[in-house]
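*Asks:* Below you will find the structure I want to go over with you.
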Amino acid sequence: MLTAVSKFRNKSGLASTTRVMPFFLSTSATATATPLCPPPSPYPSPHFRLPSPPRRGLAFLAASAPQRDLFPTPRQAMASLATSTAAAAAAEVTHLSQRDAADIDEQLMGPLGFSVDQLMELAGLSVATAVAEVYKLSEHTRVLIICGPGNNGGDGLVAARHLYHFGYKPFVCYPKRTAKPLYSGLVTQLESLAIPFVPVEDLPQDLSGQYDIVIDAMFGFSFHGTPRPPFDDLIQMLVSLSVVGDSAKRPPIVSVDIPSGWHVEEGDVSGGGIKPDMLVSLTAPKLCAKKFTGPHHFLGGRFVPPPISSKYGLELPPYPGTSMCVRIGKVPSVDISSLRENYISPELLENQVMPNPFDQFRTWFDEAVTAGLREPNAMALTTVNKAGKPSSRMVLLKGVDKQGFVWYTNYGSQKAHDLSENSNAALLFYWNEMNRQVILPTACATG
Ligand SMILES: NC(=O)C1=CN([C@@H]2O[C@H](COP(=O)(O)OP(=O)(O)OC[C@H]3O[C@@H](n4cnc5c(N)ncnc54)[C@H](O)[C@@H]3O)[C@@H](O)[C@H]2O)[C@H](O)CC1
Ligand SMILES: [K+]
């Protein structure tokens, strides 16, 4: 049986999970022999040696499990997770003094041939991507960016532009504009996107009602002394915001490079400063970042060339893939019950589904591939042994035709063993980005 399912909201606004179009089709016309599933021609016959899966408790599967059908040990799987998130312990990461941060800046923009515009663009992009990684657009749309007079403020202006293009709705408070072409150009770019510039006096004393994120781009590593007006009041506004008890009821504060007002090396000396929820350190964390206790610490500014790394002995986590930011420190524990998604996909009605379930599957599958989903052929396979004990794992679809869905396994695997005892199995494709899933409770055939 093939069941096509799409998550949707019905017209009454009530969330509904299924408007089901069930199809019945046999994937087991030739189901006979055991043990099962050597792959049918023309597919090659892969044979993987598998260690026995753990018999009790959780099986930790590495992300590559679908391809290789491996059961890594929990320790291996956790190591893989740690690498992929590059969750380097903060203590192992180099923290820069104020002097070294300024020196590095000078060298980048001197002998190493960078321009300030370039570095600022990359810094601002890092901030925007880190924010988007943590605060999903669906729940945090309105972003207030408070920009200071120097390059930290410039990073904020650049981040505002990128956030706009990511779909957020930025508002910029930029009270002390610097009369240099770089800054006026950034302002013109934001004006051309109709991004509102909010005067300080128009900001509500309590920012909670109007904004979903507040980005603090007031001061970076050149800050010294105590903040002068109007930044003293702006910082106080963020201090009041950060003392609101329930962090879910107020906009999170994201500080760019340094929590504004903090001593660049000593941190929040008075104890009465901003307590950001997120810090995006640029190039390398400054010494004050050791005092940061919020849940999200990221590194951005993916432009450090080897001469700088070696001269300053920089120990920095690797950036994953093509990402412009990387998390530093441990991943915060999540309240699972608070995770939710508002599905706003179009309805799926029975009369919109193709009469032939294989055609419907093929259409959806091709759409998933075209949309660039990662491993759209990954599917959960559930088998049941003769004692009725079910087990699931991810495998890769290797073919589909009117006879059914094909995947490979070897005779020694647990799934092969289960299927030799009990031909009942289920397949589930889940294409999250498209709000679609396809469920196939079925019987399995030998290939
Ligand atoms: N290499 C990098 O990592 C890059 C980092 N970038 C960002 O640039 C800032 C540092 O920029 P800089 O212009 O040197 O300094 P600030 O933005 O921190 O601010 C200087 C600005 O602030 C005024 N100021 C200083 N103290 C006070 C005070 N007590 N009250 C009021 N005003 C004060 C000062 O007069 C200046 O006008 C770094 O942190 C990164 O965010 C680059 O964008 C890219 C390269
Ligand atoms: K800042």
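FYI, residue positions are counted from 1 along the chain as it appears here.
Any Cβ shown, glycine's included, is placed from N, Cα and C.
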*Asks:* Look at the (6S)-NADPHX binding annotation in TrEMBL, where Asn151, Asn152, Gly153, Gly154, Asp155, Gly220, Phe221, Ser222, Phe223, His224, Gly225, Thr226 are given, and name the residue from Asp202, Asp206, Asp257 listed for that site too.
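*Replies:* Among Asp202, Asp206, Asp257, only Asp257 appears alongside Asn151, Asn152, Gly153, Gly154, Asp155, Gly220, Phe221, Ser222, Phe223, His224, Gly225, Thr226 as (6S)-NADPHX-binding in TrEMBL.
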*Asks:* Just counting, how many other CB atoms are there within 10 A of the CB of Asp257 ((6S)-NADPHX binding site)?
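*Replies:* There are 29 such Cβ atoms around Asp257 ((6S)-NADPHX binding site).
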*Asks:* Does anything in the same chain, at least 6 positions from Asp216 (K(+) binding site), have a Cβ under 8 Å from its Cβ, and if so what?
*Replies:* Ile146, Leu238, Ile253, Val254, Ser255, Val256, Pro259, Ser260, Ile274, Pro276
*Asks:* Checking proximity to ligand 2 here: which binding-site residues out of Asn151, Asp216, Gly225 have their Cβ closer than 6 Å to it?
*Replies:* Asp216
*Asks:* Any idea what DSSP makes of Asn151 ((6S)-NADPHX binding site), helix, strand or coil?
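*Replies:* In three-state terms, Asn151 ((6S)-NADPHX binding site) counts as helix.
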